[in-house]
């Protein structure tokens, strides 16, 4: 028994959960993930290109939207390509180092995504409720500082949770009941005392998650009370069109994340667990560009101009 414990404790790899043991379904899941990843990548890249090259979109709102799209590209790239390849070649193995890297990057990206969405709520609040002070309060320097703070605190947050998780021993099993490495799944297979890990995870998730969500909600309560006082209906419509995509994106991320992290642990991964995890790890960054593009008139206009330019250049060639 002691030898078995020793082998498991010093394990150099984990086994991820497979989507299915039926070969045809494995190929189908791989193809679906690849298509979602490709579409998400192109959508977010399009927003990065448009907000970089269209001078009319060089405002704080679109600066943060560009940063959000860059984060979403990284966020999607952590899990989707590897899960797609793993499903295609029927490989479940991930090294401990690879698993730690995936945990670190996933926690970092989710943290940065949520804090950026919070900063974006502040930007909308200042723009709508204090328009005269907007250029001073949301100056380019302040926007850059806010983004750097999101990144640096994200590194500290992800570093703490990754280090605190991988100090544990894993001897119950080396099968992670998830299609990517995440902290709740790793805590379930640890043979160390995980009480302090679970506590720190819940407390930090509540402080960061609930704190950001409360700030965003408070910002939008003030925004909507101000917008409803606008005398011109067209101004109301314009204000709502920039706010509603943001609310949808925040709700999607927070609700799916809370469901994954706060649901009771199941010992063996079920299809329901996998679907919920896909919703948390893949769907938010995939949907963000679609939500913003469909609801935002300036983005739609910029896309049309870009397409016209591309077509005219092709015709000239």
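Quick reminder: no glycine exception, Cβ is built from N, Cα and C everywhere.
Taken straight from TrEMBL:
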type	residues	note
TRANSMEM	27-51	transmembrane segment
DOMAIN	43-292	domain 'G-protein coupled receptors family 1 profile'
TRANSMEM	63-81	transmembrane segment
TRANSMEM	93-121	transmembrane segment
TRANSMEM	142-160	transmembrane segment
TRANSMEM	206-228	transmembrane segment
TRANSMEM	240-262	transmembrane segment
TRANSMEM	274-294	transmembrane segment
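Counting C-beta pairs under 8 angstroms (sequence separation of 6 or more), the transmembrane segment (240-262) reaches the transmembrane segment (93-121) with 3 or more such pairs. Model confidence over the domain 'G-protein coupled receptors family 1 profile' (43-292) stands at 88, taken as the mean pLDDT rounded to a whole number.
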